[in-house]
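Marked as region 'Disordered' by TrEMBL: 1-28. The domain 'HhH-GPD' annotation in TrEMBL covers 69-216. Residues or ranges marked as [4Fe-4S] cluster binding site in TrEMBL: 218, 225, 228, 234.
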């Protein structure tokens, strides 16, 4: 897998100068150029030609449920819980028949399981009653479902229906700001910024590349800049030095 950029190593109480604050929020001098953005995504594409979500699912409905369950939880934790759940209920009708108590029992290892169980059953009911048991391909319709916000809707639109949407989670928010790709103060600002700058030929997979890069390389506390695929393009300083012996980790 590819390996991103920067950050880390700052003391928690270090005082930021106005210039540093300006750079962190992404002034125009810290933005990547169109040429650099094209190069950035070309490298991602070469390193990972066919990126996929790490959530397990079998159809648009199970993807929707997995995404709802993934809030404040790891994909691995969600997959562990949904393996048995989806074996019993892989359609809205079956999930509704299973009931909230059994859904809650199946996902009790996941944070906020009470609320999530309630939302899963409620969205299943809404799908059956309003959408004929079919997951809609429309963002507004998806966001009308219990427990589904803009980020979740964007994941479903991208993964299940092949729309070039970008769901800005904490990883994508961090990468977009650190690199100078699409700085913004809110997830929506970053999302709209990415929509403007990501080349059309890379738009479908941009979500996956950025989230995986942030999750495994451009980490929150100790980004692994020494093996980052785009470290030379990244605007964030200082780069985190390698803790490995000389000639350590590669970018492969």
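Just so you know, glycine gets a Cβ as well, placed from its N, Cα and C.
A TrEMBL annotation is a machine prediction, not a hand-curated record.
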Densest Cβ neighbourhood among 225, 228 (binding-site residues), 10 Å radius: 225
Most Cβ neighbours inside 10 Å, all chains, among the binding-site residues 218, 234: 218
Residue distribution over DSSP helix, strand and coil in the domain 'HhH-GPD' (69-216): 101 helix, 0 strand, 47 coil
